[in-house]
Each structure stands twice: as structure tokens, then as C-alpha cells.
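The feature substrate binding site is assigned by TrEMBL to 155, 165, 185, 187, 248-259. Look at TrEMBL and you will find 257 tagged as active site, nucleophile. Look at TrEMBL and you will find 324-352 tagged as region 'Disordered'.
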């Protein structure tokens, strides 16, 4: 940084996780083996808190076996400490409940305290709507909203100024114009390289999101791309051509940052209406210096988001009026008693199951798709 900053440590809120008291479950994701809880720490006050538990991904060492009678050097499932409860054995098939050594039973936990309504919305299940944001809509609706109601960026500045999480920084380029800090995202347990998830947070503080990027930022983006690849290969041995590097739009916080994870990792938020590949962003700016000031950018809003209400005043989003010729509503006689079924090999019960799934609120970024009906 060009300016001298106070590097004094910032005191974080202190709480005991065991004193958390549950108000309700926000999400329970059986696919990602995670659960998000809303509650409080009564000994600290009435502010809401969010606690997320997620089972850690398996590491190769967890299933290592010794070549002799000696136990593996690292904790493993296949040791004498493994407790096995047999459910049934039938011919070649067996089903068991197993409890490994305590070292393999840890669960990753993330705490957000105090949690705002935006945090609660992010971790809750609700309906999704696709917004097609033109440059005009961005200036008139999105920008004023995010300016007045975005998450606090104090935690970001604490990282950039080394007041917090300095021990988690895995790489830093200190150049005030093209530099950035690379550190683990909260979604990564910091242990399993297969699920590696890093954030690259730029030092410049005047870039909120994709919308602010222009030709003058190309040196920053190119440096971030190459330096991150080099650092990750050196630290974790991952081939640069196996890395996914992308922006979110809308982002969860409005200070420019890049998400980085292996392409083999189905990380949250990689779906096409959310992520924008860093390579593509650089190419767009090379072709058109002000591309992101002219482009229409689709993004997703969730039911309950105040920004969705603001867009609802401008656009028909939740309920659409279907026009047919000069008629405001379609002719019900011409439509028959109901929608016609397209060709499908599915049985009627399976088709009904899919209709139920389509009518069910989809999970948020922190979740996967709804499981198939039984």
C-alpha cells in the first residue's frame, strides 16, 4: 500500500460455540453434508448468529493402509480403532455403520456473528429469479441499493492491512495498483487439496465489481491470473491448467475479488448465471475497453431480497402477463383443459415427481440441486 496503515490487531467478537442456542434451521443439505443454523449467543445478547456445520471431504491419507501389521503413520479408517456395527450381510453385499478414530470425526464450522438480514437470506432456501441488468438499470436501481445496504467491508480492509487473518495469507503482491492477497476461502477446510478454494482480494479499493472494470485494470487482472497460478503450483502442486478462476456477479461483497478452485471441484457458485471466468473478462476488456459499462449482465436474486422488490417496480418478475396478439390474456379455449404433455419415456408418477421438484424453492449458493425423488 502507498499509505502507511495501522497494523494493530483488531479484537474480534468472542463467543463460545457450545453456548449457541438454536432458533431455526435455515438449510439442511444432504448432498453437501452441511447444515446452516440461525440462533443466538444468549450470554452476549440478542443479536442473531449463523452457525454452519459441514463434514470435511475425504483425504487420501484417511483411507491409507499399512503395508505390514503396523498402523498407518497418519490417522486412517483402517486401523484397530475403527468401530464397526454390522447392519446386514447378504451374499456379496454388506452394510455397516462405522465410527473411525476421533481425529477423523472433525466437522468444519463457520460462524457469522452478528448476522444481518442479508446473511440470513443468503443461507436460507427461497425462490430464485433471473434479473437481466442493463447498464441503465444498474445505475438507477442496483448501484444506489448496494451503496446504501451492502455488507460492511471492514473485514476485507482488516485482511489487506494485516490486522486480521495474516497467518492465513498464502501469497501477497503488495503493489498498490496491481497487487492482491491470496488466502483460503471460508468454504475450504485448508487441508484437502482436492477441495482447494482460495480468494484473491485486490489491494485497490475503488473497484466494487465487474461493472467497474475497464481497460485500465488489465495489468491488474493479468498479474492476478499469472501470479496466482504460479503461487498455487508452488504451494499445492496443482497444474495451472486445472484451475478455475472467476468472478461472481452479483458478488457477496463489493470489493473486487476472484474465486479460485480446481476444475474437478464442484464448488458452490460456479453455475453459469453467477460466475464469469477471469480469462473471459480479460478478453472482453481487450476487445472493448468499456465492455462492462455497456453489457447487460444477468444475475440471480432470491425471494426476500429488497433489491428484488425494487426491480419488481420496474419489471414484471414474480408474475408475468402473457399476451397473445391483441389479447391481454391467452384464449383459454384454445389452450384446452391444461398444458399438453411433451413426449417422454417417464411414467406418470415420475412426471409428477419432476413437477414437484420444479415447484420447490431451489437452494442457495451454499447448496446443491434438490435431490431426485425416490
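In case you wondered, yes, glycine gets a Cβ from its N, Cα and C as well.
Locations of recorded TrEMBL features on the structure.
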residue	record	contacts (Cβ under 8 Å, 6+ apart)
155	substrate binding site	164
185	substrate binding site	197, 198, 199, 259
248	substrate binding site	259, 269, 274, 275, 276
250	substrate binding site	142, 146, 209, 299
252	substrate binding site	122, 151
254	substrate binding site	146, 150, 151, 153, 208, 209
256	substrate binding site	201, 202, 204, 207, 208, 209, 212, 213, 247
257	active site, nucleophile	199, 200, 201, 202, 247, 251
258	substrate binding site	199, 200, 224, 228, 245, 246, 247, 278
